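Feature annotations, reproduced from Swiss-Prot:
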- 1-24: signal peptide (SIGNAL)
- 71-97: disulfide bond (DISULFID)
- 75: active site, proton acceptor (ACT_SITE)
- 75: N6-(pyridoxal phosphate)lysine (MOD_RES)
- 174, 348: substrate binding site (BINDING)
- 300: active site, proton acceptor (ACT_SITE)
């Protein structure tokens, strides 16, 4: 049986709009579990703190100007933390706008009962946009060609499509009009005045954590946005200007403008602002214990050799679950509130740790791979240094590979 095709068939059968495959890619599986007994058979699992998520939102709100709207970025299935599980908190906090990337994510947001503004924060194909028209997504565009394609769709379905026009003032370079060129301003005006396409927002995105760089580029954006609104006859009160991600919103307050787009800060992943703790912990358990004599090798490629007689704990997690192979011989995990060294490279479904100096370890004991246990903590910095990737590359995979258990 082709498992991927089977999953796709399930998604097709469950889609509610025409065409039937509207939300089949990317496929979002509901990994939510509601009782601890449901994670008993899992290789690993995520514990997500709804209380910390709420606290992060409230703390962020306190730093935002009263007139500035918050658009919670929930792309990549809420950074791996699960849109379905977090939307009740978003609704409770009365967040007026949610940003997503895929149609599947947009569908989950709408299914939660959210009736507010829904923005896609990446360029989408015409077919993708067409298949999600009923979800009332405000699309991101940065070229006249996109505007023409959307106008054709709007005429086909007799509706107006709302768009946010991206300018490349931030220097991200992945979408947006470059207003410094001869063609750029003409193209921007053409888009803003195109029939059947309603520009409701003008935006850019800053790629660096550098306040002075942001301020320089913000000045350019403000000038270009003002010129565009005047040249295209756009009413200022009908246009949302937005440029600020998590870092910019907190560290360059003058960039908050009409709306901010916090993502990482809500989930506790903003290196410049550690006062926002992570809402997720990554956990597994001890499967068995093994005594090895001195001189024994551990793991593929025999990268570790015991110097003395040792006791090893076999953990039910590996790189297929999002615990990278590179963690071997570098990382530590928490067992019984103490640190244990990962030895040998992590396998596909197994990781070995040395528990020779930890008393009372038993099969079934809980192991913290990331997060806190008693007075110890495995930090973001540790994970990034040992895995040799940025933290989002880890937790977005954790969320798709492991069940998620939400705690208050």
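For all residues, glycine too, the Cβ spot is worked out from N, Cα and C.
Feature map: annotations from Swiss-Prot on the structure.
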| residue | record | contacts (Cβ under 8 Å, 6+ apart) |
| --- | --- | --- |
| 71 | disulfide bond | 95, 96, 97, 98, 99, 117, 119, 242, 259, 260, 261, 262 |
| 75 | active site, proton acceptor | 99, 100, 101, 102, 105, 121, 122, 263 |
| 174 | substrate binding site | none |
| 300 | active site, proton acceptor | 344, 345, 347 |
| 348 | substrate binding site | 318, 319, 320 |
Per DSSP, three-state class assigned to residue 348 (substrate binding site): coil
In three-state DSSP terms, the structure that residue 174 (substrate binding site) belongs to: coil
Per DSSP, three-state class assigned to residue 75 (active site, proton acceptor): helix
DSSP-derived structure type at residue 300 (active site, proton acceptor), helix or strand or else coil: helix
Cβ atoms near residue 97 (disulfide bond) (within 10 Å, other residues, all chains): 21
